[in-house]
Amino acid sequence: PEVREDKFILDKSSNLYYQWLVLMTLAFAYNLIFDFARFVFKDLHVGLAWIPWLFFDILTDSIYAADIAMKARTGFLEQGLLVRDSRRIRKDYFNSVDFKIDLVSLIPIDYVLFMSPSFLRLSDYWTLGRLNRLLRYRRAMEAQERTETRSSYPNAFRICSVILYIIIIIHVNACFYFLMSEWHGIGSDTWVYGEKNKQSLPDGINDTLIRRYVYSFYWSTLTLTTIGEVPGPVQNAEFLFVTIDLMCGVLIFATIVGNVGSMISNMSAARAEFQNKMDGVKQYMTLRKVSKNLEDRVIKWFDYLWSNKQSLNDESVLKVLPDKLQAEIAMQVHFETLRKVRIFQDCEAGLLAELVLKLQLQVFSPGDYICRKGDIGREMYIVKRGKLQVVATDQEDSEVFATLQEGSVFGELSILNIRGSKHGNRRTANVRSVGYTDLFVLNKNDLWVALKEYPEARKTLLVKGREILRKDNLLDDNAPEEQESPEEVVDNLLQSISVLQTRVARLMAEKTSTESKLNNRIEVLERELEKYKKKRVKQSEPKFGRSQTLTADFDPHDLVLPDRPGTSYIEPIDPHTKKVN
């Protein structure tokens, strides 16, 4: 059957779906905070105050109803692909438990109670009819999870969420306290809210809606956190309520405090790990009696790393991602930087994608020498941040030939091993860091490993390098062009040896197998030969075995031969030939 694909199908990974979840969370928070509070603090409905409440009730209910329609158009993944068949999506949703819960959450019990006859006195409880709206808590939980995933500061968001949970728990408990006060009667004893409870309503303080809620919130905070002094209960029901409150408070806040402690530990985990590494280096320098000047430079280098958020290793952080995603992130971070290198400007994108994964960030302190004249060039450098000076000597007051700033590149020709270069692969100048400098470093070995897979790019890079050297009059034109580097020659020889070893091992195995087969064949032939010899021996024996017996029992000389012709007689037997004479 043909699969239907509708255009307006909501993807759970899209921004629109996330924004809708946030809107649903706001509607849920409205019902969570105000529905029960409006039932307890009835002064919120005094006069015409019920009109805006009714407006917001209808608004949130409309959002709830629209959420059902949105769920009926929200696709799901099947074999990694988003299902866009609206009929199938609706069928799966309507047959699910979520759809039944969503319908129950929209039953208009509050409107029925609000419009009930006055003599039934049910309109006083109409806000309680909205408690079924709290069944949509799953949408709020999903919004929290997605916000935590999308946030750049997940630990801070978790702490804010825990604080919000604490406030809501205290708010609901405050509503229960004031409900107990109304049930026993305002001012009936020293525990409930009222004039007898001087802590709640001291002399000279007016009994207002704000005062009632503020004191209830204060009492709930002190009770659940088990700190501070509040008036003791008087009646049995009050004792039971306070006991349950204390037990719940201990359980809830123990869990919350544990979670907060874990979150704070996670927030400082990176700092603790960095500090441990720093302490280890400091202990090593103390043990090895490193000079104070060098020790100060190392400590300042660590401080610079932490202050610039460079304590994270790119490779260790991104290794949990697939290779393709690592390459995409590295391309966005380093691609433009690598494009600034002259020899890489026209290279194919595949080679650049390989190289961006090889770039390593290094930080140099003020006065550090990145390279010195005459050093063997094994890396090329790209300046990310800071300034470098090209100087004549390694003296502090040495003449400065040039200043390299952000985006500058140096050392790229020394890693190509271009034949005919007048300086070979040696550094031609001293490069010194002025302040703290961040450099991207590309290792020579990493470059040549990548170039093995791109032979055309290798030729292009060598041609460009020769052109640059020729332009600067640093190339010997009589030198032969590059064929293969010594490393490549060694690699080819090793590969040939490996192939030969494989072939020799295969021939030895074939020789052993052939010898075994020949030995088995020879054994078979020997057995057949033995059988054949025995058979010939049997065939050479006479058919009558009684001849020897006759020879032994009778003497042929004792026989009397008749003289008459025609008479039969027994001829004597020769004892040697066993034949009749």
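Glycine residues also receive a Cβ, built from the backbone N, Cα and C atoms like all the rest.
All annotation found in TrEMBL is predicted automatically rather than curated by experts.
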Where TrEMBL places coiled coil among the ranges 398-443, 444-489, 490-535: 490-535
Residues from the same chain, set at least six apart from the ends of the transmembrane segment (156-179), whose C-beta lies under 8 A from its own: 32-33, 36-37, 40-41, 144, 147-148, 193, 212-213, 216-217, 219-221, 223-224, 241, 245, 252-253, 256, 259-260, 263-264, 267
Helix, strand and coil counts within the domain 'Cyclic nucleotide-binding' (343-447) (DSSP): 14 helix, 40 strand, 51 coil
